[in-house]
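Undergrad: Sharing a structure here in structure tokens format.
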Amino acid sequence: MSEKKINLLDLDRKGLRALFTEMGEKPFRADQLMKWIYHFGVSDFEEMTNINKVLRSKLAERCVIVAPEIASFQKSADGTIKFAINVGQGQEVETVYIPEDDRATLCVSSQVGCALECTFCSTGQQGFNRNLTVSEIVGQIWRVAQFLGFVKTTGERPITNVVMMGMGEPLLNLKNVIPAMDIMLDDFGFSLSKRRVTLSTSGVVPALDILGDSIDVALAVSIHAPNDELRDILVPVNKKYPLAEFLGGIRRYIAKSNANRGRVTVEYVMLDHINDSTEQAHELAKLMKDTPCKVNLIPFNPYPGSPYGRSSNSRIDRFSKVLMEYGFTVIVRKTRGDDIDAACGQLAGDIRDRTKRLAKKRMQENQISVTMD
């Protein structure tokens with residue numbers, strides 16, 4: 001039985017240099033190879049003209065360059081494109097391309113499904129299947145860049161920003177997420193600034209500490225509630241790592257990071273009469289007063305069977321004004337791609353429609369109190 005070939009997309013530069021050394025080659029060949037793969041989108045060794053023919057043959061015998069395929073895509077009226085990426089065994093993850101002015105952001109998945117079961121998130125209701133490999137994470141970027149068009153003569157790439165905000169909790173897949181982000185940041189990889197790579201987490205605190213010791217990228221934190229009582233319902237991982245513990249981890253990360261310029265982005269989904277009262281805005285401001293941050297208010301994007309509604313513009317505006325009175329920078333996120341279910345919280349692969357009856361049942365089970373202001 002022939003030995004399984006190494007997928008070079010699974011190796012960061014350190015891993016590639018080790019491979020070349022083991023093959024009896026100079027480590028700098030790894031740099032050349034990465035440039036072909038990530039700058040020019042080349043997957044055929046024969047096209048790598050500055051690598052000698054003997055080495056190209058050795059690579060072809062032992063290695064492959066294989067990214068997961070695009071199974072389908074949908075394009076929104078606003079230019080957003082949602083890709084279904086086939087990761088094998090009948091499984092798909094979703095990747096979203098968001099163009100805006102002079103930037104083009106790719107929202108990348110880290111897991112098939114998600115184990116955290118956030119009650120406002122469609123992916124969280126799908127359940128967890130498995131972690132994605134390094135090649136399946138960076139392969140999303142590589143494949144979408146190929147779809148959009150690498151400019152092979154210049155090495156220009158069509159993606160300027162990557163956010164680890166797709167399906168899954170990145171901190172539950174650190175083994176593969178860290179080398180994948182290394183490739184994103186590497187000058188011979190996707191060559192993105194550390195301020196242009198953002199990881200979003202719901203608060204797996206021990207893994208956040210490991211992340212801070214391993215790599216420096218921008219951090220977004222999913223808060224979504226101003227107190228533990230409500231967050232236990234909306235973000236169940238809070239029962240294990242409550243807000244005080246999460247905020248401590250965030251401050252430790254900020255202290256180590258240059259990418260965040262001294263503050264993180266707080267993500268707060270706006271759920272109608274659930275977490276959007278002016279009293280809760282005051283509570284959130286007091287909660288975050290010792291954690292340098294800007295606040296990103298995210299209008300809720302409904303999905304079939306969701307027990308929640310989107311906050312009205314007037315409630316979002318009042319909430320925002322309270323936070324600004326405390327000196328916070330507040331951004332209300334534009335909803336992009338909601339006509340193709342590509343907006344925040346809507347990514348769920350094969351998740352099926354839930355009925356209104358199920359939504360009502362979930363609301364009753366969680367005993368969520370509704371604010372009346």
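Positions of Cβ are set from backbone N, Cα and C atoms, glycine also.
Pulled these features from Swiss-Prot for this protein:
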{"type": "ACT_SITE", "residues": "E94", "note": "active site, proton acceptor"}
{"type": "ACT_SITE", "residues": "C344", "note": "active site, S-methylcysteine intermediate"}
{"type": "BINDING", "residues": "C114, C118, C121", "note": "[4Fe-4S] cluster binding site"}
{"type": "BINDING", "residues": "G168, E169, S200, S222, I223, H224, N301", "note": "S-adenosyl-L-methionine binding site"}
{"type": "DISULFID", "residues": "C107-C344", "note": "disulfide bond"}
{"type": "DOMAIN", "residues": "100-339", "note": "domain 'Radical SAM core'"}
Undergrad: Using a Cβ cut-off under 8 Å and a sequence separation of 6 or more, which residues in the same chain sit near C107 (disulfide bond)?
TA: T95, V96, Y97, I98, V163, M165, G166
Undergrad: Judged by the number of other CB atoms within 10 angstroms, which among S200, S222 is the least packed of the binding-site residues?
TA: S200
Undergrad: Which of the recorded positions E94, C114, C118 has its Cα nearest to the Cα of S222 (S-adenosyl-L-methionine binding site)?
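TA: Answer for the nearest of the recorded positions: C118.
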Undergrad: Same chain only, sequence gap of 6 or more: which residues have a CB within under 8 Å of the CB of C118 ([4Fe-4S] cluster binding site)?
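TA: Long-range Cβ contacts: G124, S202, S222, H224, L234, V235, P236.
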Undergrad: Looking only at G168, E169, S200, S222, I223, H224, N301, the residues listed as binding S-adenosyl-L-methionine, what is the longest Cα to Cα distance in Å?
TA: 19
Undergrad: Out of E94, C114, C121, which of these recorded positions is nearest N301 (S-adenosyl-L-methionine binding site) by C-alpha distance?
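TA: For N301 (S-adenosyl-L-methionine binding site), the closest Cα among E94, C114, C121 is found at C121.
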Undergrad: Including all protein chains displayed, how many Cβ atoms other than that of G168 (S-adenosyl-L-methionine binding site) lie within 10 Å of its Cβ?
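TA: I get 29 for this one.
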Undergrad: Near E94 (active site, proton acceptor), how many other Cβ atoms are within 10 Å of its Cβ?
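TA: Cβ-Cβ neighbours of E94 (active site, proton acceptor) within 10 Å number 22.
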Undergrad: In whole Å, note down how far the CA of C114 ([4Fe-4S] cluster binding site) lies from the CA of E169 (S-adenosyl-L-methionine binding site).
TA: 6
